[in-house]
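I have placed the structure first, in the form of structure tokens, so that the comments after it can refer back to it.
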């Protein structure tokens with residue numbers, strides 16, 4: 001049966017949570033294959049808004065088993081805070097499972113993240129300060145602590161000692177901070193062991209057995225294509241691979257088992273933090289999109305930078321990920337705009353580029369070349385089919401589809417899961 005991947009096609013905050021929630025009632029497993037509690041997503045169910053960070057959006061789907069995959073980095077304190085907050089609102093979190101091979105975010109990762117950003121000053125990346133980058137650094141440097149280590153005190157202590165031997169030198173001699181005590185960290189992790197134990201599984205075996213048994217598995221990528229450490233706007237990226245290929249690595253599901261890759265893309269573009277953004281708006285229209293679209297980060301509350309739809313980025317994202325479908329969100333936010341610019345190419349130092357520029361310098365110099373599409377004033381929030389849309393809104397969707405090189409299978413016309421036009425079924429279509 002199908003393994004489906006959902007990937008953000010821009011710089012995050014595209015509405016992946018809504019897409020996962022929409023499909024959640026039809027899938028058996030929802031897996032988060034990468035990232036940590038640095039990437040928030042919002043899900044609206046029956047008019048109630050849920051802001052999730054570490055947990056997969058599938059946690060709100062009554063039939064799906066949500067799994068935090070081996071490619072994630074897990075802050076245990078944040079995990080249980082989020083679980084408790086959902087329980088307090090009546091949500092069932094009992095089916096949640098966590099991969100034994102997922103890495104852990106330690107308190108010292110958060111300390112290092114914050115002091116490093118302060119040290120960098122104007123050169124800072126704009127991280128969330130939640131220790132995600134340092135945790136991934138330890139993973140790659142083979143200094144990481146995994147979920148399974150919490151249940152073996154001697155291994156846990158050995159790993160904490162190895163990691164802090166280096167970090168304390170840095171904290172004390174470079175950043176003028178106090179050294180972190182090994183036993184303090186060991187006690188911190190051991191304090192979660194009893195509550196964590198029932199959640200831990202071999203997720204690779206579980207998920208592949210599920211596929212063998214005819215179950216449907218949905219992989220919900222965190223962050224987005226242009227935050228990918230390899231394919232994003234480096235160095236203004238995250239520390240993992242939130243592109244489609246990273247979903248295989250972060251879940252243990254082989255690439256040949258993936259049957260569908262769905263790109264989630266806004267009808268305009270947003271970005272949080274530093275980095276190049278060719279279509280960014282610095283005027284009242286940017287403020288309008290920000291206010292109308294509710295463009296403020298789930299995790300940090302930071303206002304998102306807003307700009308027009310970028311078809312160059314959309315085509316490139318489709319190529320990198322092998323998208324079979326696009327799910328377009330927030331079309332309703334554009335209602336009332338008379339003429340809507342769409343970026344179809346870049347001007348880089350006088351040369352037209354219809355593809356993503358090769359170098360970082362070229363992309364920083366890229367200026368958008370726009371085509372202008374007619375807007376609409378009618379309320380589209382109740383539309384159920386493409387034919388329900390006013391002519392100009394329908395034309396906008398069809399033109400973007402043509403420019404982006406991948407079929408548009410679903411269009412969001414409001415925040416609720418039911419405010420979605422489904423053109424092609426995202427599981428069987």
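From the backbone N, Cα and C atoms, a Cβ is placed for every residue, glycine too.
Per Swiss-Prot, the feature GTP binding site maps to 12-18, 40-42, 304, 330-332, 412-414; the stated evidence is sequence analysis. Annotation source Swiss-Prot lists Mg(2+) binding site at 13, 40, citing sequence analysis. Look at Swiss-Prot and you will find 13, 14, 15, 16, 38, 39, 40, 41, 128, 142, 223, 238, 302 tagged as IMP binding site, backed by sequence analysis. Annotation comment: Swiss-Prot describes 13 as active site, proton acceptor, evidence class sequence analysis. Residues or ranges marked as active site, proton donor by Swiss-Prot: 41. The substrate binding site annotation in Swiss-Prot covers 298, 299, 300, 301, 302, 303, 304.
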Distance between residue 331 (GTP binding site) and residue 128 (IMP binding site) at the Cα atoms, whole Å? 28
Can you name the residues of this chain that are 6 or more positions from residue 12 (GTP binding site) yet have a C-beta less than 8 Å from its C-beta? 39, 223, 224, 227, 271, 272
Taking the Cβ of each of the binding-site residues and counting other Cβ atoms inside 10 Å, which one has the highest number: 15, 301, 303? 15
Three-class DSSP secondary structure - residue 331 (GTP binding site): helix
List only the single closest residue to residue 413 (GTP binding site), chosen from the recorded positions 41, 128, 301, 302, 304 by CA-CA distance. 41
Rounded distance in angstrom between the Cα atoms of residue 13 (Mg(2+) binding site) and the residue listed as 'active site, proton donor': 7
Please name which of the recorded positions listed here, 15, 18, 40, 41, 42, is nearest in space to residue 128 (IMP binding site), Cα against Cα. 40
Whole-number Å value for how far residue 301 (substrate binding site) lies from residue 38 (IMP binding site) (Cα to Cα): 12
Spacing of the two Cα atoms, residue 42 (GTP binding site) and residue 301 (substrate binding site), in whole angstrom, works out to 13
Tell me, how many other CB atoms lie within 10 A of the CB of residue 413 (GTP binding site), whichever protein chain they belong to? 26
Through the lens of DSSP with three states only, how would you label residue 303 (substrate binding site)? strand
DSSP-derived structure type at residue 18 (GTP binding site), helix or strand or else coil: helix
